Amino acid sequence: MSQLKVDNGPLSHVANSGPISIGAYCFSSIMMTVTNKFVVNLKGFNMNFVMLFVQAAVCVNLLFFLRLLGYAKFRPLNRTDAKNWFPITIFLVLMIYTSSKSLQYLAVPIYTIFKNLTIILIAYGEVLFFGGSVTAMELSSFLLMVLSSVVATLGDQQALKKTADAGASLFNIGYMWMFINCLSSAAFVLVMRKRIKLTNFKDFDTMFYNNILSMPVLLALSFLMEDWSTENLTKNLSRDSVTAMIISGMTAVCISYCSGWCVRVTSSTTYSMVGALNKLPIALSGLIFFDAPKNFLSIFSIFLGFLSGIVYAVAKQKKQQNPQPSAPIK
């Protein structure tokens, strides 16, 4: 069993504070996106698999440290669970690699907006494979998500036209990586849902197995597909890039921990709304820290993406309060 340790000591007022847990969750999410973007934006960076391996290694070591302190409990690695969970690892590696590649080529606001499309794929995947349903309000949020993505693309194209040379292609390969990422992310979530029932994993079990099983896969792919020459390693593994990778790996654990913390001290309803509202500061961080397009269409797409997240969160809450099955939309 994996679980969070509840602090009953002198700092219990902090451990049981809703606003602090929400703030910690939002800060961790922003930090992870910003540090990942910083690394992949470094001049000549081309070792995404190594970056992901370092992050996974940091996650595993931090989990062991938290278990030593008594703040996390998770199952030890065993052959049966590893065999059952390994198919998930393949989807995970595909998901995080395509995520890093899309973030490398797309601005943070556009990346954040397009990630919403994964929600649509997951929702209809649940309709197809688990007998779920899509309500009218959820469908409305999906339409807003698609609209925000279209507007974001137009804003990006508008910005490219101003900076690109005459006759240069305006196609951004980041959109291809984003499309693959949405598909692989949805597949990862849907397959993991089935496997969790098989293994009965909890949050920290899932994080531990995801990271420790992905490490050899990431390292093998790096050796096969990336340049391990001394010159390239020196260029990619600078002090700044490695520091950012370590911070990113630590924030991944923080996000998982803060998610459970937020649900414990507030409610699942509050947490789902925070997740929707959190899209805005993540998108804005791209405008503040990086050279993201700053035209009307780009700003408007952020607003639409933010609105779609709120509508979706409210729709999910209403669905939980009124669990009668509605007719599946196919």
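Easy rule for this one: first residue shown is 1, then count along the chain.
A Cβ is built for glycine as well, from the same backbone N, Cα and C atoms used for every other residue.
Membrane topology from Swiss-Prot places Ser241 together with Ala292 on one side. Fewer than three CB pairs closer than 8 A are found between the transmembrane segment (171-191) and the transmembrane segment (14-34), and contact between the two stretches is not assigned (pairs 6 or more residues apart). In terms of DSSP secondary structure, the topological domain 'Cytoplasmic' (192-203) contains 9 helix, 0 strand, 3 coil.
In this chain, the transmembrane segment (204-224) touches the transmembrane segment (82-98); three or more CB pairs sit within less than 8 A of each other, excluding pairs fewer than 6 residues apart. Contact count against the transmembrane segment (139-155) (Cβ pairs under 8 Å) is highest for 295-315, out of 14-34, 105-124, 204-224, 295-315. Long-range contacts of the topological domain 'Lumenal' (99-104) within the same chain: residues 33, 36-37, 40-41, 45, 48, 51-52, 111, 114, 174-175, 177-178, 181, 185, each at least 6 residues beyond the stretch ends and with a Cβ under 8 Å from a Cβ of the stretch.
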